[in-house]
């Protein structure tokens, strides 16, 4: 009979539900349709190949069918080292010519060598010209003009394709630097070169100095000269102008004396400007840095074109630079424009050419490690999933033990601290200078001096005693609330054991989030690729007035820009247009991003309301588990979508607006970092702090509002109001339960990720004898190790998020149960017997039930 009554009540509750926040639901559906229309328009106008595939300096796709680049699928940079320039962050384009080629270079060869061998052997030129501009076939052209007009690269470096782009093939194997898997290679003229020469050439982006080459080639002869000069079997280049940079070499080819000279000259310049510039308060930091760039840096780096940037020389240059910057700009080695960056005369000390090549090499190794260990990583994630499930199920037994152990452990630790402070206080009695007060001693940088005073230990003892007293008093007055929290945690574990399907609902949330993010990314790509190719003037000269202006690559060489700004190029920049659609492209991208926030928050809200409905059906079942409805998760999911889509969309919209405002404030803060207006920065900081707090509060209220929606089926505002006042009437219980739950779940996450990490460490370091033969050889064993630790933490977080939602739902149901019911036969308590015993509550049976129970006892 009771079973039938419960089923009828649940059916009536289901039938009594109605659609909530209909206006929000209609608006949400309309906006979703508009978002789909935006994606359709972007798909019609955009071409993702413009973003995905490489584009040369003429705006043509590499490998595009029906074009001259049909058989040229790889992008080649004339000088990829220019991609490390800070200007790339502004122009989003490397300041070097980019061409589509059939294959990457496989040898080291310079244009000078090819040009001088052209009269004797033209096969080298035929190989070299495929990396020059299309149609260029004038190897006798002056090298100065060739480099200036970007007709050909100055040299070719053995490379290999990566993401359809040619990158130098620098790889270190077993401590030996290799290029294309070789330590030596031919340069195209029959000469054998070492990899170290290539590395030095790449890092210095110029000629390679040695004990036999101490000059810089500036200008080749413009007229024919039949005479040649040969030294040691090598024909010396013909030059019209020769410049000696004053570089001094040691007998073994080192440059220690030259670097000492440069650092000494720079130090003399710094001290000569010390009073007039460095410490002059009237000059702004920006003005001082301009003087630093125009006077100090040229003095320090004079002749750097011929330097071989070894680690020792790099450290010397960094030290010299920082000695000036610390005084002028109040910088330290750990501060600067970008983390770890310093740019001295075009030499990137930290994250420049060397770091670029090293990062690429490390990236390849990390990719190889992932390819070898992906199977074992999946096994580790499965293990973490099993452990997470077992931990949740075992919380029914361990919750109380864990919590009380920690509480008494803290009390014992503080008690030991009080005893230790008393012991130190007594031990110092009678010792000289131990009775000196802290005020008489004053401020001391050595903290150990204070530990020799009795007053210090007395203060420590008083503070710890107060802490101990507060903890004990809180435990005495809040012991019942702590017991309620533990009972709810155990009840949550029991609920999940009855409704195990809830643990797999995060997979649905993950799939829905993947769809939302994928749609946003595809739409963003199609929007970004809408329009025609736009070309901009790229110039390395700071004073070029045509820089970043639009240009026509077909007529660029005929105009005045190339003559006014020597070395400038008309290169592809981005895709755009002049129509209304293209003019509002940035607005559409912002709308696209805002819709991403809204949809992500809606999906999360849908998951929270669905789980709340499932766990609420468990709590409001009087006889558990017999009264639990079949398929509670699917029933709650369909009920939420059918009746409460508008409420969830409304709550998600409020949260999305606050998140969007926070991101705008972060963007403004990033843009205003160089502004020295203290008031503006202060106001911006206050706004960021306020909106951060507002976002946290809205997240908390939305979560509890969704629970109330799942229980009562009311609209969002009414549910949020009811949840707020219900929590305020039980604020101490909320605080205790929240902190206890957070602590236990955090402990579980650390325990699971730590145990999986330890197991992975022993496995990948071959310390488990059974699996020693199955462990793959790795470049960095920490790659799969950190992946497993982070992945297992995310897996545990996914499982525990369901558990946390369960506890929060049961807690609100428990509070409603206390306020709405009194334990009578008409209004019985739905809470578990353990909770009733803690609160000294009990259900009173009806007369019919008492008679039936008495009859059964007499039998």
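Residue 1 is the first one shown; counting continues down the chain.
In case you wondered, yes, glycine gets a Cβ from its N, Cα and C as well.
Under the heading signal peptide, TrEMBL lists 1-18. Under the heading transmembrane segment, TrEMBL lists 374-394, 401-419, 457-478, 498-522, 593-620, 641-662, 674-694, 743-765, 777-794. The region 'Disordered' annotation in TrEMBL covers 840-859.
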Any contact, the transmembrane segment (777-794) to the transmembrane segment (374-394), with at least 3 Cβ pairs under 8 A: yes
Two-stretch contact, the transmembrane segment (743-765) and the transmembrane segment (401-419), at least three Cβ pairs under 8 Å: yes
Non-local residues, at least 6 beyond the ends, that sit with Cβ under 8 Å of the transmembrane segment (641-662): 17-28, 594, 597-598, 601-602, 604-606, 609, 688, 691-692, 694-695, 698-699, 702, 705-706, 709, 713, 715-716, 719-720
Surrounding residues of the transmembrane segment (498-522) on its own chain - C-beta under 8 Å, 6+ positions past either end: 39, 48, 389, 392, 592-593, 595-596, 599-600, 603-604, 606-607, 610-611, 614-615, 618, 624-625, 628, 631-633, 798-799, 801-802, 806
